[in-house]
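Have a look at the structure below before the remarks.
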Amino acid sequence: MTVTASGGSSLARPQLYQTVPGSTIVQAEQQDRFPQQGELRELSSYFQSGLKRLAIAEIITRNSDTIVSRAANRIFVGGSPLAYIERPKVDPRNLRSAEEQRAREAKLGTVTFVESSGGGGFFSGLTAALGGAGAVRIPSGFRPINVARYGPRNMQKSLRDMSWFLRYITYAIVAGDPNILVVNVRGLREIIEKACSTPATLVALQDMRATSAGYFRNDPEAQQLVKDYFDVLIREFEAPTPSLKQRQRFAEDQQGLALPQSYANAAERRPKFVIKSTLSTVEKNEAIKAAYRQVFERDITRAYSQKVSDLESKVKNGEISTKEFIRRLGKSPLYRQQFHDRFVNSRVIELAFRHFLGRGISSAEEFTRYFDLLSAKGFAALIDALVDSQEYADYFGEETVPYLRGLGQEAQECRNWGVQQELFKYSAPFVKVPQFVTLFGEYKQPLLDQHPYGAGNDPLEIQFGAIFPSRTVNNRTNPAPFGKDTRRLLVSKGGVNNQVGSAAFQQSGTTPTKIFKLTQVAAGSSSIRSKSVGNPSIRQTESTTQAVIRAAYRQVFGRDLYEGQRLTVPEIKLENGEITVREFVRQIAKSETFRKLYWNNLYVVKAVEYIHRRLLGRPTTGRAEINAYFDISAKKGFYALVDAILDSPEYIAAFGEDTVPYERYITPKGLALRSVRGLEASEKVKASLRPAAGAQERRPEVGRR
């Protein structure tokens, strides 16, 4: 299977619903201004009512079971609906005593008044019929649902849905905006009709409204607030399911996509500006500033006191349309200086798509068409082609200022997801590399042999310490989509030869890896207790044991340790034969010095990769292997990771008990890093400067040129 590049996984947090503070601040931020007086008053009013909103939500939440059960008794017969309510587990420490609850309600003026389960008798029904606070209008076609026929599973789902409706009410009250009801309730009617009954659901919602409002009879303002949000809930439930928001296609190479209407309702509201002759001067100025922000990515009149000749007066007087105003801004010397002269043609096209169509390049074929146009006819022809396109006419027309068609505005393509999110950022003009073209080119080439979680997680394959290359490209926006079955290509190095290794690697004249193996000799005897096969061993004497210890330190730490950092107790035990080399490696790998150097200061993925190379002598091969180490590190910690590597069958087969770990495999990139091509070229240059054999070397004469 060929693994190619990915469209990117740029982190996106789509907005789930609107809130009063968020909507107000976003509107001011999008228009590059301070909040206006009306917006500040709205924020002030919202924050002043914050305690009341929290108290309302708390009372409804505390009595949610009663509210839901009363509504269920209205629409279900032949059983007890309360038995099917799924109650979440509540921490006893969070429960308040009844006295504290009554005291708080008395202080707030929200003492509970709830009707009995019998329904309140004749006068209660008369109040409902006259349209009081507890009025429930029975829709046509309503019939109570039999619990036995409906079934336990459907009962649980229905009561769960009623609890969700009530929860949405509390969320909307706290947020100060009913948008969360619009997003989550509109379109549910057709789904509920398949399992339940729409008239029954409407009766239940009205009963929940009446019961909830009854808890605030002493506070008319809170009661009206609750009723208003329930009215929005009922109105959105009755509304038909909205249609999908289709993305228009203007070429066969573009993706035809659809965005659910709920996503568009939840997204941040992006104002659309138009310039008409009937608008006031203030409105025209706001639209012109929006055009500057879209085309130049900033308000040039405010930030730099710059203007584009007399275009503003012409568009205000109706001499030119908004479309023509945008065209002339794109052809102005200022735009050419800012977004053409400093970039290569590929990046010029990418920025032009953002400024005039509000999106990124869709495909390589689309880029090729506009690149050919720019190369053949120049920059002005590119602007004309974008502004005169059918896409521009359908989205913006003659009067609308272009806007960014990003997340929530319309469906986004997956093949350019990451780079398009980057193009919409403020830092886009500072990126010189053509991101879209680079991505489309990577689609046609297999991925490089690199770390499955990004090339920046591979340390430089040198001896001294964990040095990782600095990455200028964010790994989240340029991921490596390796599958779980993809394995890295490793180059055999040292004393390991198998079907993956190549005999051509061991060339004549190269120095093989020196293997340190501690062979213990019985005292007073010449017999060897542990024989060495294939490689010379070091007998256990004081000098040779110190050589093994130094080799272990260099392999595990990458360098010799200072005297104060050495582990004297494990060294003595190794010299006395109390522990094996494997146990000695385990103890120095678990030392505080090693942990501080290669675990505490590194991300987990980098730490696991480096420790694996030091202890097992090779890089990790793929996601399956490194994910297993992630699981061990997360559940059992650092010491369990070291034990898992040293106790693995691979370690025992490769090194056994008495061999110091050594580098067995390296990556192709590491092999290229150690190449002697540069040294060979340097020697050739030096040889060319030496005098020929037998020639007499002359001293240069001073003063002659």
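Glycine too: its Cβ is placed from the backbone N, Cα and C atoms.
Source: prediction; values computed, not measured.
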Worksheet entry | Stated Swiss-Prot location of region 'Phycobilin-like 1', expressed as one of 18-76, 313-371, 431-489, 490-548 | 18-76
Worksheet item: Which stretch, out of 559-579, 685-705, is listed as region 'Disordered' by Swiss-Prot?
Response: 685-705
Worksheet item: Under a criterion of Cβ-Cβ distance under 8 Å and sequence separation of at least 6, what residues of the same chain contact Cys196 ((2R,3E)-phycocyanobilin binding site)?
Response: Ile145, Asn154, Ser158
Discussion item. Can you give me the average pLDDT across the region 'Phycobilin-like 1' (18-76), rounded to a whole number?
Written reply: 86
Item to complete: Sort Cys196 ((2R,3E)-phycocyanobilin binding site) into helix, strand or coil using the DSSP assignment.
Response: coil
